[in-house]
Amino acid sequence: MAIAFSLDLHITLGYCTTLTIMKPLTFSVLRLLSDSEFRSGETIAQGLGISRTSVSYALRGVQEAGVTVQKIHGRGYRLLDPVQWLDRDIILKHLGQEKADNFNLEVMDIIGSTNSFLLQRIPMELNSGDTRVHAVAAELQTNGRGRRGRQWHSGLGDGLTFSLLWQFQQGASFLSGLSLAVGVAMIRALESSEIKGASLKWPNDVMFNFCKLAGILIELQGDMFGPTVAAIGIGINLKLPKSVQARIDQGATDVFSVTGELPDRNKLLAALLVNLAMALREFERGGLAPFMEEWERYHIFKNKPATLRLPDGTTQEGVVDSVANDGSLLLRTASGIQRYSTGEITLRRTT
């Protein structure tokens, strides 16, 4: 029986309604302004073969996407903060020829949801005979999904959002601990990129000092007993604008706050793709077991008093113990150790 699964996992970065104002022409103009140097409307128009009116129209409303374009009479336009754009060729170069051959990578300016994009292409991908890992990264998302109907996005150049597609021969029950393995892969990639000190929160968050640095969204489609296709979405905060941080309803941080500098986005994405692909192959062979020791090492809530909020709105208090072999949370409660497969944990204040 063919069914679709949506694991109760989410990413929370920033929130928006829509970014439909960001047109293809807008990105073309912004690329010309990426170095933060002033350029006149006439220079931009000539460079793109458009009118000056079209330049003004293209830049209308970009503030909604967290982009600040400064306009000064007599000098022109400039992008207040430089943007390092994702570049497919540069990413593949960082991967190296041998590893690059394993990926079918697409880079887009704007997309509804990278996960949705991949899920819609499952029939085509499975029938194409292409055994490469299909991945898609986007500068901006307009319809990123999360728990409780949240929408999210990171501003232009302020984050890293991408998804990859992986087919497992096993059914959905085998994949219950997949988000934990993905979390370990992300820690490996961050550390190899000199981003040290990150930790993991059950079931799907990468943390730094109990603040959220990155998140995971996993959605499954397939047969109950296999095969199953997983769309694995990743969102990492690189440098969140204060306006975005103010709208987030939980503690959040970013790589810039942690390290004092912005990483090379293309190089970091390459490291993440390599480590995720390696981890997914490892998970396919041995499930969660090969990752347990590492996950426990990075488990920031271990032995901490916590409150677990369940999907039905009820809560359970206890002390976080560990995770079971299937990825479920083990919580020490007044009535003994209880096992939970879903929920959201928060630190509990003790007096």
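Glycine too: its Cβ is placed from the backbone N, Cα and C atoms.
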- Look up DNA-binding region in TrEMBL and report which of 41-60, 61-80, 81-100, 241-260 it refers to. 41-60
- Note on the structure: Most isolated by CB count within 10 A, of the binding-site residues Thr114, Asn115, Gln141, is Thr114
- Item | Surrounding residues of the DNA-binding region (41-60) on its own chain - C-beta under 8 Å, 6+ positions past either end | 21, 23, 25-26, 28-29, 32-33, 69, 76-77
- Item | Coarse DSSP state, helix versus strand versus coil, of Ser113 (biotin binding site) | coil
- Item | Number of other Cβ atoms within 10 Å of the Cβ of Lys212 (biotin binding site) across all protein chains | 21
